[in-house]
């Protein structure tokens with residue numbers, strides 16, 4: 001016993017000594033690592049509809065970096081270590097600098113921007129802690145070391161203040177204030193005074209007329225010749241999306257527009273004459289610009305002050321690093337070599353993050369638009385060549401890290417066949433996360449195919465082209481399948497599924513019917529039917545994973561969907577154990593049931609399963625003799641998806657941008673640009689005075 005006691009006695013003291021010596025240094029290095037991680041994850045998460053790994057890593061790095069800054073500021077000061085007090089003051093300033101965040105990830109979600117006042121309190125607390133540490137170490141801060149600590153501290157304060165300003169600017173209130181600055185309302189009293197003054201002269205009369213908006217051409221004709229054909233289309237799409245973003249970014253704040261805006265979108269923007277690929281590219285650029293405006297520091301970075309301040313801060317930090325190296329090498333700073341190495345790493349990591357910030361600025365959408373617009377105003381041929389080369393390089397970089405548009409797919413078949421209980425499921429159910437776990441295991445993401453893009457754009461463009469007046473637009477906007485069934489002459493057989501049902505029931509009925517009909521076709525499923533299956537699985541993904549996008553019908557839709565899946569599981573369980581390969585057999589058995597009686601006569605109108613309604617719809621689809629019935633199915637599903645997108649408030653679409661470029665937001669924008677949006681409420685814009693000859 002005594003031997004074991006003597007053996008285990010010194011170990012804790014050695015571990016404690018090593019921990020006391022190294023954990024302040026490791027804390028500072030970990031803070032640097034989080035800075036780089038936030039910078040890279042902020043660049044990546046916009047490039048796709050982020051998977052759960054990117055989401056989890058981004059969430060962890062963002063929140064851990066905010067929390068660890070408190071410890072990183074004070075721990076090197078309060079612990080008993082041999083770290084020089086001058087370095088402690090410098091490390092505290094670096095910790096405050098790290099807590100100010102990075103350019104590519106200023107906010108993880110829209111909620112972080114709404115809580116900008118809380119960030120003010122965080123800043124006051126961290127600033128007070130940092131000032132306390134620096135003041136306690138001020139007795140040793142003299143000579144050249146003040147030149148190192150003070151600039152880092154000032155840069156940290158400015159960085160955090162900029163973060164708070166961008167948080168406030170990224171709220172819906174901040175967006176509304178910026179729109180008011182750009183779009184001043186007409187002065188009624190000034191207009192009327194001008195009208196009366198002209199009319200009293202006796203020689204002229206006036207009229208109030210609606211000014212016709214001038215079409216802003218995407219690219220001046222002189223600048224198109226500078227770019228090679230390989231990127232000319234991309235340049236035009238970028239300029240068009242930038243103009244659209246400036247003109248209509250108030251849509252995220254549920255702003256309303258008039259008839260002139262609809263005509264502007266349809267005719268002068270040439271959106272209706274684009275191909276589906278060009279239209280998607282324009283909308284992707286718009287969403288990317290808005291993502292940067294809300295979740296990054298683009299509002300500060302792309303200003304004169306933001307650019308000048310970053311250049312000055314970079315030079316100042318470089319000067320601090322050189323001064324510190326001078327103090328160590330020339331003056332022989334009496335500190336441990338490990339502390340010197342940690343301090344060097346702090347400066348190196350800071351330079352790396354600032355270099356990434358410069359990379360993001362140079363290859364950003366906003367900077368590229370500015371370069372393109374400046375080409376026509378530059379008479380120097382060499383400067384024009386340099387700018388064209390920069391634009392070409394930018395498009396190559398975008399091609400490397402281009403957004404991988406994806407759509408969520410919820411496995412209806414796998415969810416219905418997964419009916420057997422297990423210890424894991426019971427455990428998840430006991431802690432209340434069974435639904436989230438089930439959604440995770442049955443959800444996957446696939447690239448948005450060209451067939452899906454073409455189908456969506458073709459349906460919305462056909463509806464827009466058929467509209468002749470405001471009444472047509474209003475009717476087509478409110479349609480959630482009626483237009484598609486009318487065009488396909490299927491209203492008599494299939495119209496009940498969208499006319500006599502609410503949106504929540506129609507969604508679940510069509511999702512069930514498409515899955516049953518697709519399974520019954522087996523390997524003979526056409527390309528259009530596969531497209532319909534992808535759209536159906538995406539709608540089910542919205543119902544199960546993102547019900548927040550359906551604020552008006554979400555509770556009913558989720559209940560109906562869950563009850564439908566539960567009833568289908570019971571039916572499959574009763575007919576015997578089935579594996580994935582027998583889903584076709586199960587679907588054929590369901591479609592073979594007698595369904596001549598309306599299920600509502602048996603169950604009533606209460607919220608119940610729509611399994612047999614979907615079965616009836618699938619049977620009706622099988623009975624259709626039209627050649628293009630798969631096209632009709634795709635059109636109905638596109639209309640249902642459009643109805644979901646249009647019912648979703650703009651703020652929810654802005655919130656969805658934090659997860660990447662989602663298909664539902666893309667559909668929302670395409671429908672708006674084609675005039676199919678409830679946001680076009682007003683018949684006329686603001687009037688202007690027009691002077692005409694007097695009538696005598």
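Every residue gets a Cβ built from N, Cα and C, even glycine.
In TrEMBL, annotation is done automatically, which means it is predicted and not curated.
Feature annotation (TrEMBL): of 2-21, 142-161, the stretch labelled transmembrane segment is 142-161.
Annotated range for transmembrane segment in TrEMBL, selecting from 241-262, 263-284, 285-306, 307-328: 307-328. Highest Cβ contact count with the transmembrane segment (90-108) among the listed stretches 120-136, 142-161, 307-328, 340-363 falls to 142-161 (criterion: pairs under 8 Å). A contact links the transmembrane segment (26-44) to the transmembrane segment (340-363), because at least 3 Cβ pairs that are 6 or more residues apart lie under 8 A.
Tertiary proximity for the transmembrane segment (307-328) is limited to same-chain residues at least six positions away from its ends with a CB under 8 Å from its CB atoms, namely 90, 144-145, 147-148, 151-152, 155, 158-159, 162, 301, 340, 343-344, 347, 350-351, 354, 357-358, 361.
Among residues of the same chain six or more beyond the transmembrane segment (56-78), those with a C-beta under 8 A of the stretch's C-beta atoms are 23-24, 27-28, 30-31, 34-35, 37-38, 41-42, 45, 50, 87-88, 91-92, 95-96, 98-99, 101, 105, 108, 122, 125-126, 129-130, 133, 136-137.
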